[in-house]
Every structure is written in C-alpha cells, then in structure tokens.
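Undergrad: Dropping the structure in here first, questions after.
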Amino acid sequence: MAGADGDDSLYPIAVLIDELRNEDVQLRLNSIKKLSTIALALGVERTRTELLPFLTDTIYDEDEVLLALAEQLGNFTMLVGGPEYVHCLLPPLESLATVEETVVRDKAVESLRKISQEHSPVDLEVHFEPLTLVMPTLRQAAEDKSWRVRYMVADKFSELQKAVGPEITKNDLVPAFQNLLKDCEAEVRAAAANKVKEFCENLPEDNREQIIMTHILPCVKELVSDTNQHVKSALASVIMGLSTILGKDNTIEHLLPLFLAQLKDECPEVRLNIISNLDCVNEVIGIRQLSQSLLPAIVELAEDAKWRVRLAIIEYMPLLAGQLGVEFFDEKLNTLCMAWLIDHVYAIREAATCNLMKLVEKFGAEWAQNTIVPKVLGMANDPNYLHRMTTLFCINALSEACGQEITTKQMLPVVLKMSNDQVANVRFNVAKSLQKIGPVLDSNALQTEVKPVLEKLATDTDMDVKYFAQEAISVLALA
C-alpha cells in the first residue's frame, strides 16, 4: 500500500471513503477530487450500486466540496459503464442542482448538460426528460432571485432546448423563454434576445410558426423599444434571421415595421446591426419590396436635419452597397452619395469623400470612371469655393483606387486648371493634391505638366500657397 502522496491507483479505497465522512473539510475535498480513483478501484458495477447511492444520500456539505463533486460527476460516464448506464449519474446531479449556492447549481447544470449529450435518444426520453427534479430546477433557475443565475439560463438556453427535446421545449421552455425576454434585468433580457433566432430555429417544425407568432413575437416587439441599448443591439443582431423562418408574408406584415423602427433607433449599433443583415431579408422578400419599405427610411435618415444622423448613414453606405449590388445602388443611392459632397457641414463632406473611395474599392475603377468621376469633376466649376475644394479632396481620395490612366487623363487636367482659381485656399489645396496624386502619375506627366504648375504656385502672392507648392516640389523630387 502506498501513502497519500503515492500512486493514486494504490490509495486505500476505504481510507478515501472514510475521508468523505471526515469532519475536516479539506480531507473531504481531497477525497472528492479522488472520486475517479475510488470509482476505478470499485469497478463500474460497485460504482453504480454503492458509490453513487452513497454520494446521493450524503449531499449536504460545504459549497466547495459540492462544487468539486458537481464537476467530477460530469466526467463520470465511462466510470459507470459508458452511455448505457450514464443515467445513474442523474440522481446525485439532480440533488446538486437544487442546493442553495449558485455556483454549485451552475456547475451541476453544466454537468447535466454534458452527460445529456451522452444519452442515447431512447435513454433521453426514458431517463432524462421525465426528471421530477430537473425541470422544476430549471424553472426555479429561470426565476432565481439572483440575476446571474437567470442570465446563465438565458445564455445556455439553446443548449438546454436541444437537450430536453421538442415536447418539453413546447410545454416548459417557451414560457420560461418568454419570462427571460421580459426579465427586469437588462443583462438577462440581452442574453435572451441574443438567442431569439436560435431558439425559434430549433422549435418543432409542425407548430413553429404558431409558437413564434403567438408567444415569441409579442415579446420581441416590446424589446424593439427597450430602454437599454445593449438589449436593443442584441436583438438587432439576430432579428433579421426570423424572416427566413417566418417567410415572406409574415416578414412583410409583422417584421418590417420592427426593422423600420430599429433603423431609426438612436443607438448607432442597433442601426448598424439592421443594415448589416439586410441581405437575409432581401432573400426572403426581394429587392423590390425592400426598396419600397426599408430604403425610404434609409434615405430619410440620410437627409435628416441632425448632421450626426446623416454622418452615421454615410458610414454604413459601403456596407449597404455591398448588400444591394451595383445596379440597385446606382438607381437608388448614388444621387444621395453625390449630394453629401456639397453638404453644408464639413464633417459630412469629408465622410462623403471617404465613402466614395470605399465604393470605388468595392465596385471598381470602370464603375468610378462612368459613374462617379464625371460628377466629381463637374464640381470644379461650382461657384461655391468649398465645393470646388471638395473636388480636390475627392481626387486625393480616388486617384489610387482609380489608377494611373484615369488619374492622368481625367483628373489631372482639372487639378491643373484649378491652379488659376481666385481663392487662395483652393490654390494651396491644388498644390497639396498634386503632391498626393504625384506617386500615381508617370514621370513624364510629373515633369511636363505638374512641375511647371507647382513652380508657378511657388511664386504665388499668398504665403500658404507658396509653402505648400514648395513642399510638393520637395516631396515629389521635382527641384
């Protein structure tokens, strides 16, 4: 016989079992941590008939001992004889799932979930689903006074749903899920909202639609206008997925009004989550219906009196363009993007310029040449000098994406012509633009076209024009 620090497999079993009854908590804890050793020594049959009943009958102890026990039992499947006998682990874990301490209950539920996956479908029905105690415990956990327990139930709801099967889901989990969606704590509502799509997907097909429309959708409608932005954002990240489950008619009648409300939400993350998932709604209801319902709301936001709202929509535009495709974008949204370039707020004009660059990266240089560049260059003759400067900012942003040929043949002549502008701010921005697009041009254009203009600007009467012209000559090595 080896001592306590020797080979575990030789550790006296009787001593370990005695330690389980010992008054010293540390000894009991050590013994629990060696449960697998006891089980191996006893063999599968004695573990089932002697050790497990002993453990089930003596579950009253310090929380740390019970926590260790709950964890150990989750790994006991092979020690009781494999999946065929795994149901023997249910009684002690059931008892642990009803103790007062939250962490012990959580660990017991985790172990129950773990061993539920090792039950055969038949054993699940015979042993797991009819538990007098697991469902009451689950109901109790879903209504626990500690929000962290309710949060854990919400967070693991999909796994619970898969473990208990369709009947228990319909009768017990649907009401529990409704309560979690209406919970008084925002963290719990957010965790439940995050599971809405998954929960609905996993409902039994024969009455899925009826359950969603009758029991889940009313809760979802309330969450759309929740006071907490994390709850609204969690819902917005999954709600679009309901359209594929509920189909075209239900989406148009019941979901579109919710999407519209979320598109206008004050929280940017909510709006982004809706715009990010437009493609899955598009698949269900089609682009025409989408353009008649959601796009007017996007356009309305794009023209909102509050410039920060306009700014938010501009930032989503490349994402939206990718979702809707180039033809639809040109037809419905292109005009909007160009209008932003002459907005009275500088931050909007700046963001609109950046937006154009991202659109060119998405749709390509040929699209830019046919659709964007002519409109941008047309602004070079605008009577408002701020709009003329926007032309230069756009050229700075687009030159690299458009490439050498478009930049040299179409953009450069306009920049050079603007070097004669009456406004000094425009002239020094010409110098900055020539410095920016210089690396895209070939050496011939730099020497024969850019250099003479920069040299002329370097003798300008305005100090800023001179400074930026000389800097460009230096950076482009044209001196």
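Glycine too: its Cβ is placed from the backbone N, Cα and C atoms.
Where the annotation comes from TrEMBL, it is an automatic prediction and has not been curated.
Summarising the annotation, TrEMBL assigns repeat 'HEAT' to 12-50, 89-127, 134-172, 173-210, 216-254, 255-293, 294-332, 372-410, 411-449, 450-479.
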Undergrad: Should anything in the same chain at least six residues away from the repeat 'HEAT' (255-293) have a Cβ under 8 Å from its Cβ atoms, list it; otherwise answer none.
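TA: Result: 220-221, 224-225, 229, 232-233, 235-237, 239-244, 246-248, 301, 312, 316, 319-320, 323-324, 328, 332.
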Undergrad: On the DSSP side of things, how many residues of the repeat 'HEAT' (372-410) fall into helix, strand and coil, could you say?
TA: 35 helix, 0 strand, 4 coil
Undergrad: Under 8 Å between C-beta atoms and at least six residues away from its ends: which parts of the chain pack against the repeat 'HEAT' (450-479)?
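TA: For the repeat 'HEAT' (450-479), the nonlocal Cβ contacts are 412, 416, 419, 424, 427-432, 434-435, 438, 441.
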Undergrad: Determine which residues of the chain contact the repeat 'HEAT' (294-332) at the Cβ level, with the cut-off under 8 Å and only residues 6 or more beyond its ends counted.
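TA: Residues 256, 259-260, 263-264, 268, 271-272, 275-276, 278-279, 281-282, 287, 340, 343, 345, 347-348, 351-352, 355, 358-359, 362-363, 367, 371 contact the repeat 'HEAT' (294-332) from elsewhere in the chain.
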Undergrad: State the mean pLDDT for the repeat 'HEAT' (134-172).
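TA: It averages 86.
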